[in-house]
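> Got a structure here, written out as structure tokens. Questions coming.
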There are 2 protein chains.
Amino acid sequence: MAKDKKKQPRPKAETPKGFRDYFGADVTERKVMLDRIAEIYHRHGFDPLETSAVETVEALGKFLPDVDRPNAGVFAWQEEAVPGGGSGDWLALRYDLTAPLARVAAQFRNDLPMPYRRFAMGPVWRNEKPGPGRFRQFYQCDADTVGSASVAADAEICAMLANALEAVGIARGDYIVRINNRKVLNGVLETAGVAEDQSDDVLRQIDKFDKVGRDGVSALLTSGRKDESGAFIDGVGLSETQAAPILAFMTAKGDDNAATTENLRVAVGNSEIGTEGVDELTQIAAMLKVMGIDEDRVVIDPSVVRGLGYYTGPVFEAELTFEILDDKGRKRQFGSVAGGGRYDGLVERFTGQKVPATGISIGVDRLLAALRAKGLAGAETSGPVVVTVMDRDRMADYQAMAAELRAAGIRAEVYLGNPKNFGNQLKYADKRGAPVAIIQGADEAVRGVVQVKDLVLGAKIAAEASLDEWKSQPAQTEVPRNGLVAEVRRILG
Amino acid sequence: MAKDKKKQPRPKAETPKGFRDYFGADVTERKVMLDRIAEIYHRHGFDPLETSAVETVEALGKFLPDVDRPNAGVFAWQEEAVPGGGSGDWLALRYDLTAPLARVAAQFRNDLPMPYRRFAMGPVWRNEKPGPGRFRQFYQCDADTVGSASVAADAEICAMLANALEAVGIARGDYIVRINNRKVLNGVLETAGVAEDQSDDVLRQIDKFDKVGRDGVSALLTSGRKDESGAFIDGVGLSETQAAPILAFMTAKGDDNAATTENLRVAVGNSEIGTEGVDELTQIAAMLKVMGIDEDRVVIDPSVVRGLGYYTGPVFEAELTFEILDDKGRKRQFGSVAGGGRYDGLVERFTGQKVPATGISIGVDRLLAALRAKGLAGAETSGPVVVTVMDRDRMADYQAMAAELRAAGIRAEVYLGNPKNFGNQLKYADKRGAPVAIIQGADEAVRGVVQVKDLVLGAKIAAEASLDEWKSQPAQTEVPRNGLVAEVRRILG
């Protein structure tokens, strides 16, 4: 079994490049956040779905027949060949939660309630070059409604998103969910007489609105402009008349939803698809209103451009509006934490049938970072009460103390390392973030008492303090053995 | 982008062989169970750890230099070659939670508190032939203490396991945690004068104790025996004198721990390692006693043989003792749901240093199956209140009703499919397991009332009933619109 063991070099103890581990509070804080979101999704009638992490490459839709390995962007491998059969299937780790939903919606289409509301939370994997803060495994948190063409589904998703953000602790006023509609843009392009093969170009320029402003986009849509470096950027070549409704669309946001949709109605002119899009936004606005979701939480905003190239109807984006300090200490808005919209091709690849769907995806790591920045991440910061070991032979007594504390609902543990060096035990308690340490030497045992040390109060004591110095601290109280739980409770408040 | 799209056959909407999806209650029930276990582990001072799903094959320790692909038992693939560098690393999905713990304990040995108590819950992957009920992705739930040689760590793990089983709903008396010790067996083998190269053989025969009983094992250890088919099975070739202490070991369980350890002390004779093992069990028994864990929960039991070949000290097994009906309707004991023990080689592969560790692993699927068999799985069985749509134009009104119910903490949703066929809406409510349906047609809207339908009471109504038949049912109540929430609350109890 162990042959040649000595000859083999030791393996490196490292996570693969681009992967990481999550310890303690990292795990707990994310769990607390996702549990709160799940509670909201559940209350809105969404059911949890946990698909397998592994899919066939065929089902994922990443199959590239012209390469040996279809692993562009995904982690893929080939199954063993079936004896006597052909070559094995290519399998891959899911790269998002939408592709598995598509597969599930097709595979179980006769069993699932339809419309099917589902939420999913879990890791996804991307075979990309890792970078600072960019990992090849990360969490997604999605909610989608499959099989409903009604904009009521879109309104519900947006209301639910706003409720979820508040449930995790983002205050009203610190976030905004914005809604746009691809159909409105299509109508505007139709009215402007933009050719179909130009529309991707136009979308690219619209996307620069945040950077170059209204006049910049105007130039880029028409004859072009000089950028900051002085280089000339060619325009799309639209006339001013063509550009006008596009600019009107982008700047259509009024004082309220009614004003915005009126502006949009002008921008789309006589376009049928555009009018349909404006009607949809109007309906969504009306539904949000009766659902008690005010415009300071969810609002129609045609300046939302992200996702317009991908989605086919309403498009959503949730942004956190408070400022944080970036790496360089500069103030900046936190920005987007969720996005989504309506898409129709979900199961078509599998069944040939168009099934309407709409959904939202929360950026789990970004939202968690926001909560941390605001001190809202919610998990405890304190470690367990540590029962120290003064007398190795009385380990059972120390275990009994920890058991009593746990029975009272208090997190507690006995020091299980080598007890010889008491300083090491204090260092350990410090590393564990312990709020309280329990000490009982031979003399205390004889006298039927324990020392209860408030480590938060006594935080300034150096870990190297001698036992005598330690004992003289005011943060330490001697109580009768049967008063242990009460004293710890008192200190923990 | 879409070139040749039409020529490609449609992908199959299927999970890969041996993988499955988890829907609704499947997800929730497991989550409820694991949350309860996590709460207990946390209270005992264990910290959550979530390692990446992907490890280097080297770190997993499955690297087989004589094969092209080191994927025996694991899902593995090779990273792209680094340009100008060598070939890429082999990566693999973790096959358990212990190998990643070993890697973490080595990688972060200077940062982790030591001893390090951690728990981990999550999927693992096995590249094995799938079978009925055997999947290639499944959950594990582990707790381990790394870096403590003290049997206090073992006692704590066993007490914690008992507490965890009760926390998920297994009643005291319906489970037993049994403890044995490999050192005791080693001592018995030493006293019996069993050669080292015979000990694996002896372990194999001991393992048949449940099947062939004391006399069967006695024969197998000595001159052999005829099995049921009449075939003769060779014995290990020990003398009766050699077999005696081994049989004494296996049958050492007395009326209480004190009697058991006394029997073991006789069985190990003068063996030093054996005496050490008996001392350890004696200490564990003493600690459990002061921790308030009685012998009807955790007990010394030398008949536990599973794991004796793998572990180096104390060995644990948790068994559910109640009877369930198997697939063929026969009564049988539920059996083992968790196992573990002490092992020393955890990080040695990486650092060359022996680090003592002890831990337990709960069989998540088996424990969940046990809870289901006892009706203890804990998740709600009821779906959301379904607000039906009688009048497509008043979708906003229906959304408002659902929003009101949710604000009152009641799970609710509006029917979002095509509302034309009311029967379909009722079928949908049935599929959702809805306890209540809300109905408001045009006349009810004018009169300011809603119909609240108790679907549990009215379960016998066929889904095809006409609206008139439906309305005549006693399970349906008309209430003022502003009494909606109160009436739903009344029905939900």
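Cβ coordinates are placed from backbone N, Cα and C, and glycine is handled just like the others.
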> Of the residues B:R109, B:R126, B:R297, B:R330, only one is listed by TrEMBL in the L-histidine site with B:D96, B:L97, B:T98, B:Q140, B:D144, B:R306, B:Y310, B:Y311. Which is it?
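Candidate in the recorded L-histidine site: B:R126.
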> Need one number for the L-histidine-binding residues B:D96, B:L97, B:T98, B:R126, B:Q140, B:D144, B:R306, B:Y310, B:Y311: the maximum pairwise CA distance in Å, whole number please.
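The L-histidine-binding residues span at most 22 Å between Cα atoms.
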> May I ask which residues of the same chain, at least 6 positions away in sequence, place their Cβ under 8 angstroms from the Cβ of B:T98 (L-histidine binding site)?
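Non-local contacts for B:T98 (L-histidine binding site): B:D142, B:D144, B:L346, B:G359, B:S361.
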> Give the number of CB atoms, excluding that of B:R306 (L-histidine binding site) itself, located within 10 Å of its CB.
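That number is 17.
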> Can you tell me the three-state DSSP label for B:Q140 (L-histidine binding site)?
strand
> List, in sequence order, the same-chain residues at least six positions removed whose CB sits under 8 Å from that of B:D96 (L-histidine binding site)?
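For B:D96 (L-histidine binding site), the qualifying residues are B:V124, B:Q140, B:S361.
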> Ten-angstrom check, please: count other Cβ atoms within 10 Å of the Cβ of B:Q140 (L-histidine binding site), all chains counted.
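I count 19 other Cβ atoms within 10 Å of it.
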> List, in sequence order, the same-chain residues at least six positions removed whose CB sits under 8 Å from that of B:Y311 (L-histidine binding site)?
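The list for B:Y311 (L-histidine binding site) reads B:R182, B:G340, B:G341, B:R342, B:Y343, given in order along the sequence.
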